[in-house]
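Reading through the structure tokens given below for one structure.
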Amino acid sequence: QFLKQLGIHPDWQFVDVYGMEPELLSMVPRPVCAVLLLFPITEKYETFRTEEEERIKAKGQDVKSSVYFMKQTINNACGTIGLIHAIANNREKMNFETNSSLKKFLEDSLSMTPEERAKYLETYEAIRVTHESSAHEGQTEAPSIDEKVDLHFIALVNVGGHLYELDGRKPFPINHGETSDDSFLEDAIEVCKKFMERDPEELRFNAIALSAA
């Protein structure tokens, strides 16, 4: 519903990933161009996130300049930012309606820094209003902007044959290595499994795939 209101033609859709076994992954329509992972922010995860950031800053990583990445400055907007990351990094595959508010946002923000994109989203009424109306429709109950939420969305995308994790709470994209259009879903699920393995007592994980309709 949110995609439709943002002016994206319904030849791509978000579908549930019911499980990580091969037979359940085979139920996901192909091709898949992005995966959104919902996971809990726990102490274990925050410790890992800090260590990961320090390790990458020390060792460096290869991130293609064509990766579209934005910071998150709005509370509880990680779902919207995950969706923007998913669409922005697959924009050449999407069919946008002529008056698409998301298409305009992407065109306006392509030359911006990740921080500037975040600031622009804060003032971009069309996406905020669409987000609020989708939330109130009840497809999913969105928390209020001030509520303390310990669940978080990130996007996994394939840009130029590399799998990137895009999380607006992190300072930069995370390159998870090589992937291809054919293996992307399986490769993205391997990254999801690592999140789950870091917090084996947690059950609050969910994945959805941006798939061809």
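A Cβ is built for glycine as well, from the same backbone N, Cα and C atoms used for every other residue.
What TrEMBL records for this protein:
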type	residues	note
ACT_SITE	CYS78	active site, nucleophile
ACT_SITE	HIS152	active site, proton donor
DOMAIN	1-212	domain 'UCH catalytic'
SITE	GLN72	site 'Transition state stabilizer'
SITE	ASP167	site 'Important for enzyme activity'
Of GLN72, CYS78, ASP167, i.e. the recorded positions, those within 10 Å of the residue listed as 'active site, proton donor' when Cα atoms are compared: CYS78, ASP167
Expressed in Å to no decimal places, the gap between the Cα atoms of CYS78 (active site, nucleophile) and ASP167 (site 'Important for enzyme activity') is 8
Cα-to-Cα gap, GLN72 (site 'Transition state stabilizer') vs ASP167 (site 'Important for enzyme activity'), nearest whole Å: 8
Mind giving me a neighbour count for the residue listed as 'active site, proton donor'? Other Cβ atoms within 10 Å of its Cβ, every protein chain shown. 19
To what whole number does the mean pLDDT across the domain 'UCH catalytic' (1-212) round? 91
A correct count of other C-beta atoms within 10 Å of the C-beta of the residue listed as 'active site, nucleophile' gives 22
